[in-house]
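Step one of this worksheet: look at the structure below.
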Amino acid sequence: MTRQKRSHHRLKRAVAPYLYLSPSLVIIGLLMLLPMVTVIGYSFQNSAVLRRDPSFAGLKHYQAIFNDPVFWASLWHTLYFTCMSVIFHMTIGMVFALMLNSDRINPTLRNVLRVLYILPWLFTAVIIAVIWRLLLEPNGVVNSVLMQIGVIGSKVEWFSSPETALHAVTFANIWAGYPLFMVSLLAGLQGIPKDFYEAADIDGAKAYQKLIFITIPQLMPIIISISLLDFIWTMQVFPLIWITTGGGPIYSTEVLSTYTYKLAFSSYNLSQASASAVVILLISLGLTLFYIRYQKAR
Amino acid sequence: MAEVILENICKTYGNNFRAIDQLNLSVEDGEFLILVGPSGCGKSTALRMIAGLEDITSGSLRIGGVDVVDMPPKDRDIAMVFQSYALYPHMTVFENIAFSMRLAGKPKAERRKRVDEIAKTLQLTSLLDSKPANLSGGQRQRVAMGRAMVREPAAFLMDEPLSNLDAKLRVQMRAEITSLQKQLGVTTIYVTHDQIEAMTMGDRVAVLKGGVLQQVDTPKRLYESPVNAFVAGFIGSPSMNLFEATLKGGALVSRDFSMRLQDAAFVGRPALRSYEGRKVVFGIRPEHLYDSNLESGRKYQTIPAKVTSIEELGSEHIVHLNIDAVRVDSGDPDAAEDFGLASNAVARFEPVSAIHSGSEIRLAVDDTKFHFFDPETHLAI
């Protein structure tokens with residue numbers, strides 16, 4: 001091979017991977033990076049989008065949202081909503097996965113339960129919101145059942161009372177999201193060698209000791225990965241809250257996504273909305289970096 | 001330490017498949033018993049029943065004089081080494097070995113002392129802080145042994161513990177386990193499908209086929225006096241050659257050859273005379289067939305044979321041959337591998353043998369080493 005041919009071949013080999021990557025890079029650039037950079041730019045402008053030549057605003061909009069008590073309430077609600085959702089998704093997912101993996105349950109019943117337990121996952125956020133609005137209506141099924149069994153004395157306005165609204169939307173989100181954990185943990189459980197449990201049986205392990213010393217450590221990589229992903233996704237939940245409570249009553253279910261949406265499309269304060277969006281982006285980015293570092297460490 | 005006694009043990013699964021049928025076995029205190037048989041013969045099921053990991057359908061099982069049929073595994077005073085070792089990957093070697101003591105709530109200092117002692121015996125001291133993933137196959141095997149030893153059980157149960165190791169390491173571990181068992185003196189029941197392990201490790205060997213015990217004996221007696229054609233074919237590598245021939249006038253007669261039997265053959269087996277004029281199955285081990293051109297084979301009768309292939313192993317030649325006789329299937333599914341498509345007999349020749357593939361030879365047969373079996377029942381005559 002001549003020297004020229006060889007260098008041409010080398011160049012082709014060096015460029016080829018980037019050519020293969022280019023379609024996805026173009027799409028990511030156009031649909032993700034460009035809007036992201038634009039929004040970051042808006043957050044530093046006065047009257048972004050609304051004026052043709054917006055002036056530079058510095059950190060004014062960030063100051064504004066950090067001085068807004070509703071923003072801090074939204075941040076707190078987001079954290080509560082997200083943490084409770086992830087904890088209960090994991091707990092319920094784990095309990096159901098253990099049940100579905102158990103030999104003690106009749107195989108037919110197990111198959112029926114598997115379908116039933118996975119149902120919430122099949123619904124879109126809008127349908128889930130509508131179902132729970134109907135169920136939790138003052139004259140809905142939940143109130144009627146709770147009153148009949150004597151848990152509550154009078155009808156509770158679950159979504160309309162500031163005391164219960166945040167718990168109610170969190171509950172609906174927990175119901176909607178546990179199947180992801182259940183399915184992932186079930187797959188993990190099925191991958192744990194049976195020998196581990198048999199060896200533990202011979203060593204005299206009780207059921208809870210097998211759970212603590214074998215099952216949970218074996219599932220830990222899945223638990224951490226799915227929890228981090230769930231945390232990132234749940235932080236950004238919008239339709240469920242928007243349709244059930246719209247962030248109300250009196251901001252009691254306002255989360256960062258509804259807060260930002262209202263700034264943009266109710267108040268038309270797109271600059272401040274962009275600043276709020278950048279805050280969400282930074283929190284998500286922090287979690288994502290943590291997730292990537294964890295994955296790399298594995 | 002204790003004796004393990006199985007009486008009329010049966011195991012029937014839900015689909016009426018009988019995995020173990022009337023198993024009677026008595027393992028002496030401190031004895032090393034090997035359970036051997038081809039895949040699916042029920043040997044692992046039998047071991048798991050002794051461990052309590054499988055229910056016993058019927059029969060009685062006593063360990064150290066105590067009936068353990070209805071006892072959970074932890075109360076049977078046994079320890080088991082699994083084929084996969086079942087080491088917990090998230091625990092260190094120390095934690096793996098100390099696991100049963102931790103479950104039993106033993107103080108940390110006691111755990112440390114006991115594990116250190118065992119690690120010293122098994123040469124694992126420097127590896128106590130390592131995770132199983134960082135160990136070699138042999139080291140993992142030793143950790144599994146350590147985990148069994150820490151319980152100081154009445155009996156060790158081992159389920160094909162060497163099958164995941166490469167051939168060289170297997171030889172080394174075979175010797176290590178045997179000497180460890182002798183040193184500890186703990187009753188051991190060891191399952192394997194490898195008859196070399198069976199022959200080299202055990203005090204006695206129990207051969208199983210289709211859930212039925214065929215013979216329990218010392219390795220030497222199993223080899224020299226198999227009770228049926230299955231045991232004859234299963235024990236020994238390469239397998240014993242089994243053929244059908246007619247017994248006529250004190251000779252084994254086939255289409256192309258006739259081999260005169262020595263009187264001694266009838267003295268030891270008076271029943272053989274009753275087969276006169278009838279078919280009989282005769283068996284001869286590969287090492288009792290000789291190259292008639294060599295000094296070692298000159299004194300024996302010869303029969304015609306065709307060499308189909310030769311495996312030159314350096315210390316010996318494994319010669320695949322075709323002789324004019326109907327080969328009898330011993331019932332061992334693995335035995336078929338010893339014979340090629342074109343051959344029906346195997347011989348072990350000295351490495352000085354000059355025969356070559358495709359040649360027609362005279363095969364010398366040591367007629368004092370024949371085994372005889374009934375053609376219908378395959379039982380030894």
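Yeah, the Cβs are placed from backbone N, Cα and C, and that goes for glycine too.
Bear in mind that TrEMBL entries carry predicted annotations, made automatically and left uncurated.
Database features (TrEMBL):
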type: TRANSMEM; residues: A:20-44; note: transmembrane segment
type: DOMAIN; residues: A:75-291; note: domain 'ABC transmembrane type-1'
type: TRANSMEM; residues: A:79-100; note: transmembrane segment
type: TRANSMEM; residues: A:112-135; note: transmembrane segment
type: TRANSMEM; residues: A:165-190; note: transmembrane segment
type: TRANSMEM; residues: A:211-233; note: transmembrane segment
type: TRANSMEM; residues: A:273-292; note: transmembrane segment
Quiz prompt | Remote residues contacting the transmembrane segment (A:79-100) - C-beta distance under 8 A, at least 6 residues beyond either end | solution = 110, 113-114, 117, 166, 169-170, 173-174, 177-186, 188-189, 211, 215, 219, 223, 226-227, 230-231, 234-235, 237, 241, 255
Quiz item: Where, among A:20-44, A:112-135, A:165-190, A:211-233, do we find the most CB pairs under 8 A to the transmembrane segment (A:273-292)?
Solution: A:20-44
Exercise. Would you kindly check A:20-44, A:112-135, A:165-190 and say which stretch has the most C-beta pairs under 8 angstroms to the transmembrane segment (A:211-233)?
Key: A:165-190
